[in-house]
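Asks: Straight from TrEMBL, here's the annotation block:
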{"type": "TRANSMEM", "residues": "21-40", "note": "transmembrane segment"}
{"type": "TRANSMEM", "residues": "52-74", "note": "transmembrane segment"}
{"type": "TRANSMEM", "residues": "81-99", "note": "transmembrane segment"}
{"type": "TRANSMEM", "residues": "105-126", "note": "transmembrane segment"}
{"type": "TRANSMEM", "residues": "138-159", "note": "transmembrane segment"}
{"type": "TRANSMEM", "residues": "214-235", "note": "transmembrane segment"}
{"type": "TRANSMEM", "residues": "298-318", "note": "transmembrane segment"}
{"type": "TRANSMEM", "residues": "340-358", "note": "transmembrane segment"}
{"type": "TRANSMEM", "residues": "370-389", "note": "transmembrane segment"}
{"type": "TRANSMEM", "residues": "429-451", "note": "transmembrane segment"}
{"type": "TRANSMEM", "residues": "457-480", "note": "transmembrane segment"}
Amino acid sequence: MWWDERVSARFRRNLQPTLTYWSVFFSFGLCIAFLGPTLLDLRCQTQSSLSQITWVFFSQQFCLLLGSCLGGVFKRTLAQSLFALFASSLAISLVFAIIPLCHNVVVLAVVMAVAGLAMGCIDTISNMQLVKIYQKDSAIFLQALHFFVGFGALLSPLIADPFLSDTNCILSNSTANASSNLPHIRKSLVPHHPGNLSHYDLPMKGMVVTRVSYAFWIMALINLPVPIAVFFLLYKERMVPCFNGSSHPLLSADELALETRPVDKDELSPPVQRPQAAGGHADLLSCCQSKNFRGASYTYFAVHVTGALVLFMTDGIVGEYSGFVYSYAVEEPLSVVHKVAGYLPSLFWGFITLGRLISIPVSYRMKPATMVFINVVGVLITFLLLLIFSSSVVFLFVGTASLGLFLSSTFPSMLAYTEDILQYQGCATTVLVTGAGIGEMVLQLLVGSIIHDRGSYSFLVCGMIFGCLAFTFYALLVFFHRMYPKPSPGKKAPALSPVFGVEGR
């Protein structure tokens, strides 16, 4: 195996919880990508206008962010975390099953809001629990975790595609004219952002002929093994009330891993260096309590903030690029035909998934800080070349694939790096997940309004600016890492990289 026996043994000891967290993140990916291609059929099902149905995007994304903020509430015991994951993954299956029964757009928005809350909890809890289990070895397992969300995001549109309407799914006198716009509108409804569709006129009354219900029921069945897997983990840990009423105070799997692990430097650090030591990883509300700030150095806050800002920019780039690359491609000067331009978002997400798969073995040999450095520099160079060759359709496809590769491992690498700096105390996981979610929402809205006012070329200019800011915040993070309090003299300090100042593996 390409990793050493110590990591392999630790993985075998924690095999069931690790596979369970990976499978739950597959549910996250399955739920995040289906809405774009199916939204027109859902518009027919609810007999709503395009402007009304696109609010479903907002309800999902807003509640996803809210769920990410609140997910840390369930961190105190393994039982709380697993019950939250069980409820969230089961809720996603129920959402898939209920969507075909939603014939009112408000009801559909409420159902998608529930899905967003479940996805937010999954995002925070799964990342947090893997970091708790593996700590210094968490980078490789976080890369695998984020591969599964990409895999789910690729799978759900493929499941939906055979059941999408080829013509307008509401039959009326204007069907023939409206159907000619359908392929263009459907490609505009990519995940994360619906685009500007107000100038398209589609019928709202008539006979509904959509078959998209079958796609959602298939996805509900595919996702059903996930809550079952979480239930089996609860049963194994004796946390199912009807079998054992006791609750384990902390991760039992983590405790097993700690039995053969040397004492970590955070266990010997003075209290002033670990303001979150009592509670470990906290929810966002707990992080903001003033009692947790007593005795903390300014670098403690700076690491949290700069790490979150890097992900604010990089996840924001993922959202705005996948949301607007199609609209950019079909406009002048490129004027790509709509069918060809429709492959760009799929290419982008496909290379994100491929990059996450490649990053699994790479992350074992390469330090997280080095991976983040390569990622942000790669994003910066890609946008620079896209600007230089802005009239080349071929390089747009090459640049889209390159951007997907460089952005693919940024989140798990940044999470592993920041947790290393903070010695697995503080609120890094919660703050970084929240910062990434806010960036994905805010930068999409910002870029959408700029493109509307300044034209399609501003799409690449915005990406270049966001890339520069991501690199700047990363440089600040490295600076604050060097300033962060070192371990106590009672433990030998680990060797530091001369470039990035990170602990060698």
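Even glycines carry a Cβ here, placed using N, Cα and C.
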Asks: Going along the chain, which residues at least six beyond the ends of the transmembrane segment (105-126) come within the CB cut-off of under 8 Å?
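Replies: Contacts of the transmembrane segment (105-126) (Cβ under 8 Å, skipping residues fewer than 6 from its ends): 21, 24-25, 27-28, 31-32, 35, 42, 46, 48, 52-53, 55-56, 59-72, 74-75, 81, 84-85, 87-89, 91-92, 95, 98-99, 145, 429-430, 433, 437.
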Asks: Do we see three or more Cβ pairs under 8 Å linking the transmembrane segment (52-74) and the transmembrane segment (457-480), pairs being at least 6 apart in sequence?
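Replies: The answer is no, given that the two segments have fewer than 3 Cβ pairs within the 8 Å cut-off.
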Asks: What residues elsewhere in the chain lie close to the transmembrane segment (370-389), defined as a C-beta under 8 angstroms and at least 6 residues from its ends?
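Replies: Contacts of the transmembrane segment (370-389) (Cβ under 8 Å, skipping residues fewer than 6 from its ends): 139, 310, 314, 317, 359, 362-363, 395-396, 399, 402-403, 405-407, 409-410, 413-414, 417, 460-461, 463-464, 467-468, 470-471, 474, 497, 499-500, 502.
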Asks: Taking pairs 6 or more apart in sequence, does the count of Cβ pairs under 8 Å between the transmembrane segment (429-451) and the transmembrane segment (214-235) hit 3 or more?
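Replies: The transmembrane segment (214-235) and the transmembrane segment (429-451): touching, no.
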Asks: Is the number of Cβ-Cβ pairs under 8 Å between the transmembrane segment (81-99) and the transmembrane segment (214-235) three or more, considering only pairs separated by 6 or more positions?
Replies: yes
Asks: So what's near the transmembrane segment (340-358) in sequence-distant terms, Cβ-Cβ under 8 Å and 6+ beyond its ends?
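Replies: Here the qualifying positions are 33, 143-144, 146-147, 150-151, 153-154, 157, 183, 187, 190-191, 318, 321-322, 325-326, 329-330, 396-397, 400-409, 412.
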